[in-house]
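What Swiss-Prot annotates here:
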- ALA9, PRO10, THR11, ALA12, ALA13, GLY14, LYS15, SER16: ATP binding site (BINDING)
- THR11, ALA12, ALA13, GLY14, LYS15, SER16: substrate binding site (BINDING)
- THR100: site 'Interaction with substrate tRNA' (SITE)
- ARG122: site 'Interaction with substrate tRNA' (SITE)
Amino acid sequence: MPPVPLLTAPTAAGKSALALALGRQFGLEVIAADAFTVYRGLDIGTAKPTPAERAQVPHHLLDVVDVTEDYDVARYTRAAESAIADVLARGRVPLVVGGTGFYLSALVRGLPLTPPADPQMRAEVEADLAARGLDALLAEVAAANPAEAVRLERNPRRVVRALEVYRRTGRFPGEFGYRPPAFRYRMFAFTHPWPELEARVAARTRTMLAQGWPEEAAWLAQQVAPDQEPRPTVWQALGYREALAVHAGTLDPEAAARQITLATRQYAKRQLTWVRTQLGTSPVTPSQAAEALVAFLSGGGLSA
């Protein structure tokens with residue numbers, strides 16, 4: 001079986017636009033690999049493809065759960081592999097598109113063979129998080145395994161899970177080995193020169209705030225309180241707290257745009273680090289990635 005193409009790039013780089021163009025040209029079906037577009041109602045702040053775009057190119061793994069639910073990497077991997085198998089069974093070509101490192105790694109490397117959850121230990125770690133803060137817990141991880149600290153991407157839920165396993169077993173989730181992946185993948189990664197990517201992030205942030213992001217954040221707050229501990233998964237999405245503050249009148253839109261842009265730039269740097277260190281791929285320019293994908297989809301790679 002030929003490898004499944006996988007397209008990744010940092011946030012705001014334009015991977016969805018490239019996927020749509022290729023999807024229309026080659027009749028592809030997109031398998032989304034994003035931790036927050038899985039949630040119904042998180043549309044503007046996640047830059048989710050619009051209904052019109054999805055009518056042109058079928059997308060899978062969008063709008064699959066309510067914002068009140070948790071959605072983890074194991075659940076994603078099972079759903080994504082099922083969607084890929086379905087697309088292939090119908091004689092079509094799936095294209096995995098996304099920037100969530102944990103999801104991409106789970107597809108490419110396989111799911112970690114991690115012990116089941118320990119509710120009592122998790123509660124202890126969550127209490128630690130509330131009392132000491134995320135930086136203290138990340139420092140504990142880094143002292144034992146610096147690479148693991150980078151891999152966790154400052155995600156509180158992942159940090160809690162990592163320490164839950166580590167304090168019980170002396171090993172982190174990624175140290176238990178992996179279940180073999182269901183498919184082989186051919187990775188295509190791209191980025192822009194950093195000043196250009198920064199400008200794209202800033203412009204997109206302002207556009208999303210003007211398009212109704214504050215109202216979307218206010219709706220989310222009605223569904224899931226943002227101040228719960230541990231922090232709800234949906235409120236880990238970039239920018240929603242700032243957008244909510246704009247709606248509440250406690251933060252002006254320009255200040256919110258600056259804060260969101262800064263956080264998004266930091267996230268983009270982590271994404272690029274992940275691609276290089278965890279996926280072992282060096283990003284190329286957008287045009288180089290597009291040319292390579294066209295060559296692959298035209299038959300060179302699909303016949304491998």
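The count begins at 1 with the first shown residue.
The backbone N, Cα and C atoms fix where each Cβ goes, and this holds for glycine too.
Counting other Cβ atoms within 10 Å of each Cβ, the recorded positions LYS15, ARG122 show the lowest value at ARG122.
A gap of 10 Å separates the Cα atoms of ALA9 (ATP binding site) and THR100 (site 'Interaction with substrate tRNA').
The binding-site residues examined here are PRO10, GLY14; by Cβ neighbour count within 10 Å, the least packed of them is GLY14.
Here the CA atom of THR100 (site 'Interaction with substrate tRNA') lies 9 Å from the CA atom of PRO10 (ATP binding site). Shown in sequence order, ALA33, ASP34, ALA35 are the residues of the chain, 6+ apart in sequence, with a C-beta less than 8 angstroms from the C-beta of THR100 (site 'Interaction with substrate tRNA').
Each of the binding-site residues THR11, SER16 was assessed for Cβ neighbours inside 10 Å, and the highest tally belongs to SER16. Same-chain residues that are not part of THR11, ALA12, ALA13, GLY14, LYS15, SER16 yet have a Cβ within 8 Å of the Cβ center of the substrate site turn out to be ALA9, PRO10, ALA17, ALA47, GLY99, ARG200. Every protein chain considered, the tally of other Cβ atoms within 10 Å of the Cβ of ALA9 (ATP binding site) stands at 27. Here ALA13 (ATP binding site) comes close to PHE190, THR191, HIS192, LEU197, ARG200, ALA268, PRO286: these same-chain residues lie at least six apart in sequence, with C-beta atoms under 8 angstroms from its C-beta.
Residue environment of ALA12 (ATP binding site) contains 24 other Cβ atoms, counted within 10 Å of its Cβ in all protein chains.
A helical conformation is recorded for ARG122 (site 'Interaction with substrate tRNA') in the three-state DSSP classification. Comparing Cα positions, ARG122 (site 'Interaction with substrate tRNA') lies closest to THR11 out of the binding-site residues THR11, ALA12, GLY14.
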